[in-house]
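*Asks:* Checked TrEMBL, it gives:
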BINDING   Asp54, Thr92, Tyr143, Ser210, Ser211  FMN binding site
DOMAIN    30-272  domain 'Luciferase-like'
Amino acid sequence: MSRIHLVVEAVGAQLPELAERARRGGPRVASPDDFLDFAARAEDAGVDALFYADFLGKPRAQFAARPLIPFEPLTALSAIAARTSSIGLIATASTTFSEPYTLARQIASLDNLSGGRAGWNIVTSIQGAGNYGQDLAAKDERYARAAEVTDAVLALWASWDPAYRRPRGGFVDTDAIADVHFSGAHVTLDGWLDVPSDRQGRPVLFQAGSSAAGLTFAARYADAVFGINPSRSGAIRTRTRLRELAAAQGRDPGAVKYLPGVRLFVDDELDTVESPGLRDAVGALLGVPLGGLDLDAPLPDRILAARGRVDTQSAPITGTVEGLWDLAAEPGTTLRELLGVYRNGSGFLSLAGSARSIADTLLGWVDDGAADGFVLGAGGSVDEVYRQVIPLLRAAGRYRDHYAGSTLRDHLEVP
Ligand SMILES: Cc1cc2nc3c(=O)[nH]c(=O)nc-3n(C[C@H](O)[C@H](O)[C@H](O)COP(=O)(O)O)c2cc1C
């Protein structure tokens with residue numbers, strides 16, 4: 001039985017506790033110490049990694065409603081690295097708005113400073129172009145640049161021959177560092193990298209796109225992929241596709257972990273009340289109006305038939321739309337269930353109930369080939385997940401007792 005992997009989302013997963021603290025009259029905006037404390041608790045629980053998401057150019061309204069200021073991931077994770085010793089540290093960084101030399105250097109530096117715990121969540125960004133004097137390029141164009149940026153980063157990381165460590169009067173043997181020349185349609189680079197990246201082979205690569213272009217990219221480069229799947233059948237399909245694509249690239253399909261996002265509400269219930277605007281928001285995502293439908297009746301065929309007419313590939317986040325459609329397509333799904341998935345987890349799998357029922361569902365997904373693990377996002381209390389759910393996974397022999405190795409690659413069991 002394969003082990004289950006857990007990653008916790010550094011920003012989203014602490015929102016519920018911070019919002020609750022603010023409601024009780026505590027600080028309205030989290031301090032840097034809150035981030036450090038959150039990371040320390042995740043490490044105490046033995047979570048594989050902290051995933052620091054980053055959306056450049058967020059709408060102002062999101063700031064007004066949030067009890068924290070999300071810091072820039074690489075700098076925040078450098079501080080967290082100094083206060084932790086085992087947990088993996090996954091920084092989101094954009095290929096659309098960064099040059100490969102900068103990325104290779106920053107991520108390799110984090111990897112060294114953390115003792116081999118760095119990961120890079122490769123994103124093409126869905127907003128924020130104005131900050132860089134750009135218009136946001138079309139998705140295909142962004143993925144084409146992402147491939148070149150990633151190739152160039154990998155070339156920089158591969159440019160240090162392990163021989164650089166051989167003793168040479170105590171200095172680095174610079175003859176063991178190759179020049180890197182890269183010339184593509186999007187990236188040009190001539191230089192050499194001044195930081196090694198071999199603490200764990202190389203930093204671990206993550207990716208979160210689930211469009212056809214996104215999965216193809218992931219199958220080529222990623223060690224682990226984040227997904228949006230509220231339905232088990234949809235997750236099985238996505239993970240199977242990812243593994244097929246990886247095999248077609250000559251990779252071992254087992255070398256790519258699939259980690260859908262999940263919102264866990266231990267000893268709680270999902271909110272199934274239809275809030276104002278919710279029906280319109282979900283209808284807009286799906287591209288079909290949901291007005292006039294009975295909340296508790298199975299979705300009618302005319303709604304399901306609309307799927308084939310909607311272009312989900314060019315949606316800002318294909319996974320959100322495809323995930324909702326996958327759920328809608330499961331026999332008997334009601335509008336209330338569909339709206340609830342969006343309301344409780346923005347389209348991610350949301351589970352509420354006893355720790356036992358949640359642990360069983362998570363293990364069931366892994367056993368059915370729907371996931372290799374999960375990313376814990378803004379559900380209820382992550383501390384309750386640590387206190388109640390992880391021990392059950394351990395008791396089932398499916399979660400390690402302590403960090404067996406020292407690197408992120410060790411924790412995730414990726415080669
Ligand atoms: C779980 C998850 C986490 C993501 N985190 C980020 C993020 O931190 N920053 C970002 O710009 N995009 C993030 N994305 C968006 C993806 O990187 C990607 O841009 C988006 O899904 C569009 O690509 P696609 O159409 O191929 O899915 C995330 C997506 C998922 C599913």
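Note: Cβ is positioned from N, Cα and C throughout, glycine not excepted.
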*Asks:* Among Asp54, Thr92, Tyr143, Ser211, please name the binding-site residues whose Cβ is nearer than 6 Å to ligand 1.
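*Replies:* Near ligand 1, sequence order: Asp54, Thr92, Ser211.
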*Asks:* How does the model score the domain 'Luciferase-like' (30-272) in terms of mean pLDDT?
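*Replies:* Computed over the domain 'Luciferase-like' (30-272), the mean pLDDT is 94 on the 0 to 100 scale.
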*Asks:* Other than its own, how many Cβ atoms are within 10 Å of the Cβ belonging to Tyr143 (FMN binding site)?
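*Replies:* A 10 Å sphere around the Cβ of Tyr143 (FMN binding site) contains 20 other Cβ atoms.
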*Asks:* Indicate the candidate from Thr92, Ser210, Ser211 with the smallest number of other Cβ atoms within 10 Å of its Cβ, considering only these binding-site residues.
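*Replies:* Lowest Cβ count within 10 Å among the binding-site residues (Thr92, Ser210, Ser211) is Ser211.
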*Asks:* How far apart, in Å, are the two Cα atoms that lie farthest from each other among Asp54, Thr92, Tyr143, Ser210, Ser211, the residues recorded as binding FMN?
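*Replies:* Overall maximum Cα spacing for these binding residues reaches 19 Å.
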*Asks:* In DSSP terms, helix, strand or coil for Tyr143 (FMN binding site)?
*Replies:* helix
*Asks:* Cβ distance under 8 Å to Asp54 (FMN binding site), same chain, sequence separation 6 or more: which residues?
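*Replies:* Sequence-distant Cβ neighbours: Pro70, Glu72, Pro73, Ala91, Thr92, Ala93, Ser94, Val123.
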*Asks:* Look up Thr92 (FMN binding site) in the DSSP assignment and report helix, strand or coil.
*Replies:* strand
